Amino acid sequence: MSTAHVGVLALQGDTREHLAALREAGAEASTVRRVRELEAVDALVIPGGESTAMSHLLRELDLLEPLRSRLADGMPAYGSCAGMILLASEILDAGSAGREATPLKGIDMTVRRNAFGRQVDSFEDDITFGGVDGPVHAVFIRAPWVERVGPEVEVLAEAAGHIVAVRQGNRLATAFHPEMTGDRRIHKLFVSMLSE
Ligand code: GLN
């Protein structure tokens, strides 16, 4: 493939840092807020932010079904934090009735929203990450964890005894925010997955 064009879902959350990280990792990157922008990209990053607000906006902007159908057609995707929650097939503690985070079913996993947040709102940890050399400094902010993975899901990292990074084929998800640290190894991993 020539340079991959990666979209960053830009409804809410930390879009700018992902755009910068993707460009530094060698991809073309632009924001996605409309169906035609979603149709134009090869892959999508769903950033951190608030998964319930993003779900609401996806419905309001008529992006929910187009996004689900691109994922069902095999579009590569990477979700960090709120993005991990949205990529799940099942969400626990999804939010109050009528305002729930909606699973996009991109990865066969059950994710618990705000899971670490019940213990401590945010924390940082140096973690081992499968396929990446050396420790990764991970920033967790009201982060989810993964409670169940399907047979095709590879666990890439754990923190405090919980799964915090997974891969299923061309889908990647982290409970933490690599875009915030200046370390581009996770974005490089995702960009390299696009040419596999
Ligand atoms: N707690 C947020 C949610 O439920 C995720 C936090 C984050 O993305 N930093 O979506």
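One is the number of the first residue shown, and numbering goes on along the chain from there.
Positions of Cβ are set from backbone N, Cα and C atoms, glycine also.
Residues GLY49, GLU50, SER51, ILE141, ARG142 are recorded by TrEMBL as L-glutamine binders, and the candidate that the same record lists for that site, out of ARG23, ARG112, ARG113, ARG171, is ARG113. Taking the recorded positions CYS81, ILE141 in turn and counting surrounding C-beta atoms within 10 angstroms, the largest count is reached at CYS81. Listed in sequence order, the recorded positions from GLY49, GLU50, SER51, ILE141, GLU179 having a Cα within 10 Å of the Cα of CYS81 (active site, nucleophile) are GLY49, GLU50, SER51, ILE141.
The C-beta environment of SER51 (L-glutamine binding site), restricted to residues of the same chain at least 6 apart in sequence and closer than 8 Å, consists of ALA82, ILE85, LEU86, ILE91, GLY95, ALA101, ARG113.
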